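Visitor: Below is the structure I would like to discuss, written out as structure tokens.
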Amino acid sequence: MHNNILPLGALTSWISETESLHCTEKITSWLCDHNSLTQKLELQFNHFFVEVKQQVYIKPNCTLSPMFKNEDKILVREVFLHCENKPVVFAQTEIPFSTLTEQQAELAEIGKQSLGKILFQDPTMLRGQIEVTEFKQGSLFHQLATDFQQPANHSLWARRSLFYLNNKPLLVSELFLPASGIYDQ
Ligand SMILES: C=C(O[C@@H]1C=C(C(=O)O)C=C[C@H]1O)C(=O)O
């Protein structure tokens, strides 16, 4: 795997938030919330912080970043969002080089700042439709959860959506880990 990037986008099929989702109302309310996830987690938990797992430039292909496969290069940013000293979300953001221009060049340098803080403060920000996907037990992400001492005997859910800053796209995908609490009845 290139730089052991987790190919979140290509590993699954995505359905529109407008479809009927076979999950609880609680899970749906988190998956389909168009507001900032950072803000929502900060309101719900203490000690929110962003751990940058890696930030690499890659040439997209049909496995990695299929949505931007015609771009020369993209920046892939992988982070874990932590609350109360536990990782609660694995997030992967794909930013085409053609988006990293003008004021948006700064997106490559945000470090441990939450991307959401920047996106939702930008007056030009538009968010596209949310798509969701279900990872059934035994997935790569169940192993990730187990590695974080969060074994799951149920599906794990993820969402993705395109954001636009000055009409330039970037794709944000987020997988909710068990410690997020969204799977608790
Ligand atoms: C898009 C948001 O930003 C969050 C923070 C991210 C980061 O810092 O890389 C990535 C995805 C999101 O979970 C948000 O808060 O809604």
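FYI, residue positions are counted from 1 along the chain as it appears here.
Cβ atoms are placed via backbone N, Cα and C, with glycine included.
From a predicted model like this one, the values you see are computed outputs, not experimental measurements.
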Visitor: If I go by TrEMBL, which of Leu115, Leu119, Leu126 binds substrate at the same site as Arg77, Glu174?
Guide: Leu115
Visitor: Would you work out the biggest C-alpha to C-alpha distance among Arg77, Leu115, Glu174, the residues that bind substrate according to the record, and give it in angstrom as a whole number?
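Guide: With Arg77, Leu115, Glu174 as the binding residues for substrate, the largest Cα distance is 12 Å.
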Visitor: What other residues of the same chain, not counting Arg77, Leu115, Glu174, have a CB atom within 8 A of the CB centroid of the substrate site?
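Guide: Checked against the 8 Å cutoff, the neighbours are Glu78, Val79, Ala91, Gln92, Thr93, Gly116, Val172, Ser173.
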Visitor: Tell me, by DSSP, whether Leu115 (substrate binding site) is helix, strand or coil?
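Guide: Once the DSSP labels are grouped into three classes, Leu115 (substrate binding site) ends up as helix.
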